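> Got a structure for you, written out below as structure tokens; questions coming shortly.
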Amino acid sequence: MKLPLLLALLFGAVSALHLRSETSTFETPLGAKTLPEDEETPEQEMEETPCRELEEEEEWGSGSEDASKKDGAVESISVPDMVDKNLTCPEEEDTVKVVGIPGCQTCRYLLVRSLQTFSQAWFTCRRCYRGNLVSIHNFNINYRIQCSVSALNQGQVWIGGRITGSGRCRRFQWVDGSRWNFAYWAAHQPWSRGGHCVALCTRGGHWRRAHCLRRLPFICSY
């Protein structure tokens with residue numbers, strides 16, 4: 001009885017060894033084709049981090065998608081490609097110098113009362129005054145500009161802020177490339193329905209998102 005038992009045990013051991021060998025041979029090619037998770041992570045983080053940071057900083061309202069459809073083309077094309085190169089510079093009587101900016105002796109701002117789209121206004125500031133649409137970085141400058149436009153028969157004026165990017169990677173930028181470190185939004189802004197460009201309200205000085213194809217007065221810095 002011992003001999004059949006020994007033969008059965010020996011046969012079982014050989015079968016188990018053979019099965020293990022076949023399993024190892026089958027798994028090896030599959031493992032070679034599959035990248036380890038820790039090798040995928042760095043590249044994924046580099047691609048996803050900017051969007052993730054923006055998701056934490058900004059949440060957008062339900063109207064933002066409609067706004068992107070309406071004037072998204074304005075955001076993706078540079079100013080020289082968008083406007084009429086024959087656009088004439090404003091007459092002197094249509095401009096007002098903004099003076100008395102506290103704490104900034106070299107700051108020069110100009111209110112242009114002629115009505116233009118955001119892109120036209122941006123181009124006019126660059127071409128006619130060798131400047132840019134104004135960027136605002138503190139309350140004092142915002143207040144002084146608001147005082148200079150309060151007498152206008154218009155509810156808003158263009159400043160140099162706009163939305164760039166798409167989806168959850170959208171963010172606000174100044175067209176002159178300076179840092180976005182100050183904002184003075186009106187109630188429920190910037191999350192409520194609006195456009196991709198930023199306008200300053202002539203009463204109160206608060207900011208609102210506006211559709212870029214609207215024609216408004218504007219402020220140049222030069």
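Cβ coordinates come from backbone N, Cα and C, glycine included.
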> If you have Swiss-Prot open, could you say which of Cys201, Cys212 makes the disulfide with Cys197?
Cys212
> Which residue from Thr23, Thr88 is recorded in Swiss-Prot as O-linked glycosylation site?
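Going through Thr23, Thr88 one by one, Swiss-Prot flags Thr23 as O-linked glycosylation site.
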> Would you mind telling me which one of Thr25, Thr95 Swiss-Prot calls O-linked glycosylation site?
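Swiss-Prot annotates O-linked glycosylation site at Thr25; the rest carry no such entry.
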> Annotation O-linked glycosylation site per Swiss-Prot: which of the candidates Thr34, Thr117 has it?
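When Swiss-Prot is consulted, O-linked glycosylation site appears for Thr34.
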> For the domain 'C-type lectin' (104-222), provide the mean pLDDT of the predicted model.
94
> Measuring Cα to Cα, how many angstrom lie between Cys197 (disulfide bond) and Asn86 (N-linked glycosylation site)?
24
> Reduced to three states, what secondary structure does DSSP give Cys125 (disulfide bond)?
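The three-state answer is helix.
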> From the DSSP assignment alone, can you count helix, strand and coil residues within the domain 'C-type lectin' (104-222)?
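Residue counts for the domain 'C-type lectin' (104-222) by secondary structure: 26 helix, 39 strand, 54 coil.
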